[in-house]
Amino acid sequence: MLADRRSRVARRISRSLAVASVLTAIAAHGPAHAAEPILQTEESDIVTLPPGGPHRVLVEDGVYRHSKDGRVYVVDLDTGRLLGMVQAAYNANMVADPAGKAFYVAETTWERGNRGKRHDILAAYDPRTLEQVADIDLPGRALITPKKPDMAIGADGHYVYVYDSSPTNAVHVYDTGLKSVVRTVDVPGCGLIFPWGNAGFSSICGDGSLANVQMDAKGAPTLTRTPPFFVPDRDPVFEHSPEVAASGHVWFISYSGLIYETTLGAQSSVAKPWSIQEAAGLKAASDTRAPFEVTWRPGGWQLAALRARDSHLFVLMHKGTFWTHKDAGSELWELDLKTHRLVRRIPLAARSMMVGVTQDAQSRIMLTDEAGDLMVLDGADGKPVRKIGALGDALIFTAAPGE
Amino acid sequence: MPNPEDRGAVGVTRNGLDTMAERLARHLAGRSSRRSALARLGGWAAAIPAFPLLPVWRRDARAAAPAAPSPFAAKAQAKDDTKCDYWRYCAIDGNLCTTCGGGVHSCPPGTHPSPTSWIGTCFNPQDRRAYLIAYRDCCGQDACNEQNCLGTDGDLPTYRPQANNDIIWCFGTGSLLYNCSTAVIVGTAE
């Protein structure tokens, strides 16, 4: 009995407390809520990006699962935010103006989606509004799973070059001032575009030589050839060999891991090659003549990136036989191109097909994985900074300011 | 006991076939001379030497049989053409048409085979012979995106286009949209 009475009293007290707390809550919030201003009506507007810093980069997504729908993302590596994107349809290519004034996308569409008249397009974008500032038809372009050197821009940003392979190997020269294609230069038997100076570029030829094209003030081209410097059937050089476009300096990397430092020009010169593996204290890797040898080898898509200010090269490496040149890297090797020495080996949390690097003092390294994440590492020590999860589908290459 | 009537019926059919074959032979003999037969033979003879001019990974051709000439070949199988390690896929890059509604040499409905391709050399572990494989793309629909494979035996950069698997080999089809890849035997590499 006593226990029952006690419990009834306790229940009554708790009920009174509950009512009191509700009244207190109304007293506390009621008048304040009434005083809060009604939210204003809004206008729709469009964001204009503030001027970008060294960590605002472009990332191309080939969207291999439905490659008709490629795109280029504008990404802030400091916040990990996507700032915008533009369409880059079907095996598109892109380059950024060296001074950051614009970026260019070469793409291909058909009028009725997957059929109808074909359009090869070059679109120029304002990097802050992402609006087109030019949008022209190209005479054609090569349809190849996108490789960075299938499109290039001169050092002063005046000419943009677009590679074509049908019906013959040629480079379309787009004048960014006139906003039109002013010339098509044939490069018979050669492919890719490695620019030098304001009006020159070199292509790699099927016999292991270079074709060098220099255009005069009127845009008339003169073509010279260097002797072959590598044997493509034995140890070809990667298409994604990194370059400092402003100086025409390319470090051609071979499948086996030899580096050919090359100064491009009307008379391109190629230095004696050295081995990545030997720089790391290992034996130089075999070429096609001993394909079964398992060792550390370079591989991936955009498999190397160059930081020009200290001449450091970042190369994706994996352990494998010859003919594994498209295997994703399990380590990133940082090499000093001046001393030909290994700086450090950076083991990767996930294998990457792509590496990019920003050019500033606090540089950032960009990697990807099978899930389409963009991993950001500190360029000073290779430590992880952040992961931009599921940025895209198939991240294939990057463009950082001033590279 | 089989019914003789039935046998007779079969016999009639056989006779009909014989008659047709005889008519066809007479018809051909009547319309073609020995000279034209020789000319046709000559045409083939002329075509045969041209065949090795096709882009071929010669090194592998020489190294063919009996040992597997490449790391891919050493692990390849000859039973399941829907898997990446099927022997013909030593240098394929893309979606297997065998998983997209097509076959190893057939395009899925709604797509079209490209008349152009690049040619690789793959080693068949079953008969231990090397074959020339034409990687003909099927085109006209976007990527089928089922089983995707990347074989890189003998794959050279695009400045050697005859040996590169990144080029969209859809030239000569309606649109150059890539759907999937076939691996067609076009000869032996011995």
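Cβ atoms here come from the backbone N, Cα and C positions, even for glycine.
The record from TrEMBL ties B:N165, B:D166, B:I167 to substrate, and of the options B:D85, B:D93, B:D127, B:D137 it ties B:D93 to that site too. B:W118 (active site, tryptophylquinone 6'-substrate hemiaminal intermediate) sits 10 Å from B:D137 (active site, proton acceptor), counting Cα to Cα. Within 10 Å of the C-beta of B:D166 (substrate binding site) there are 20 other C-beta atoms, taking all protein chains into account. With all protein chains in the displayed structure included, the most crowded Cβ environment within 10 Å among the recorded positions B:D93, B:D137 is that of B:D137. B:N165 (substrate binding site) has a Cβ environment of 23 other Cβ atoms inside 10 Å. Of the recorded residues, B:D93 (substrate binding site) and B:D137 (active site, proton acceptor) place their C-alpha atoms 10 Å from one another. Residue counts for the domain 'Methylamine/Aralkylamine dehydrogenase light chain C-terminal' (B:77-187) under DSSP, helix first, then strand, then coil, are 9 helix, 37 strand, 65 coil.
Among B:D93, B:N165, B:D166, B:I167, the residues given in the record as binding substrate, the maximal Cα to Cα distance rounds to 10 Å.
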